[in-house]
Amino acid sequence: MSVPRIDGETSLVGLIGHPVSHSLSPQMHNASFAALGLNYVYVPLDVPPEELEAGVRGLRALGFRGFNVTMPHKERVCALVDRLDEAARISGAVNTVAVEEDGSLLGMNTDGSGFLLACREAGVEPSGRVALVAGAGGAAAAVAVALLRAGLSELRIANRTPGRALGLRERLGGLGGRVEVFPLSGLAEAAGGADILVNATYLGMRAGDPLPFPEELLRPGVAVCDAVYRPGKSTALVRAARRRGLAAVPGELMLLYQGVEAQRAWTGVDPDVGAMRRALSGEG
């Protein structure tokens, strides 16, 4: 990938989170900008929680065209933008912000649509199926919205704090499909009869993390999706699923497709998906 051209006309986009040093988003987006000849640059910005409000104000003041939002800021950013798209409003989480022509901030959620595109590339179709999502934070909420919109028959949410999962279930009302809540201690019960297992927790970000789903739950015919990715290697969950011959949707694929949707919102141009994919695989 060539070094981005930076001059007085360069449009700025980026990523805010804490931490951001592990992120592959800069490589991915800058590869597409270079391939398309767009005068944009994407920069990672480590913004601690206590500086989030000031950080968002600063990005607007500095003329950024948009930015991604990652953990732990996805939910708090909802209150810092001017309006939300439907996916962000229902999920209560923002992963992409676009600066509109009048300078207002549109909070979007492309995690869910990216998740669905990744599933379908891997041959996983949610319609009419039963899915178990571990986690009830921003990523889990976006995935839940996307699954129900895609015709899922039953969604099960397992979370360490049941109150948060119950709040998510309430927000999902009206999207169709049955929604049940389980404590993490009831993970085995929740997984019974599930066709799709989705990890939307932090587990897997660090080497040595326990599997979010015990190996005995990785039954024949189950599809496994991991929202977590580790630069340069598959997560333990994805490796375990593949060893058993199961369909596995890695976090890198979800990252790719949510990024495609985000970049299109910033530039109004279809991204170079091939360049983005090569950058994620280390070939760019």
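Even glycines carry a Cβ here, placed using N, Cα and C.
In three-state terms derived from DSSP, THR70 (shikimate binding site) belongs to neither a helical nor a strand segment and is classed as coil. As annotated by Swiss-Prot, shikimate binding site applies to SER23, LEU24, SER25, THR70, ASN95, ASP111, TYR229.
The Cβ of LYS74 (active site, proton acceptor) has 26 other Cβ atoms within 10 Å, all protein chains considered. Residues annotated as active site, proton acceptor in Swiss-Prot: LYS74.
Under a cutoff of 8 A between CB atoms, and with a sequence separation of 6+ in the same chain, the neighbours of GLY138 (NADP(+) binding site) are MET71, LYS74, GLU75, SER91, GLY92, ALA93, VAL94, ASN95, ASP111. As annotated by Swiss-Prot, NADP(+) binding site applies to GLU86, GLY135, ALA136, GLY137, GLY138, ALA139, ASN159, ARG160, THR161, PRO162, GLY163, ARG164, ALA227, GLY251.
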Fewest other Cβ within 10 angstroms of its own Cβ, chosen from the binding-site residues SER23, THR161: THR161
Whole-number Å value for how far GLU86 (NADP(+) binding site) lies from THR70 (shikimate binding site) (Cα to Cα): 19
SER25, THR70, ASN95 as binding-site residues, winner by CB count within 10 A: ASN95
Residue pair LEU24 (shikimate binding site), ALA227 (NADP(+) binding site) - Cα distance, angstrom, rounded: 14
All-chain count of other Cβ atoms within 10 Å of GLU86 (NADP(+) binding site): 11
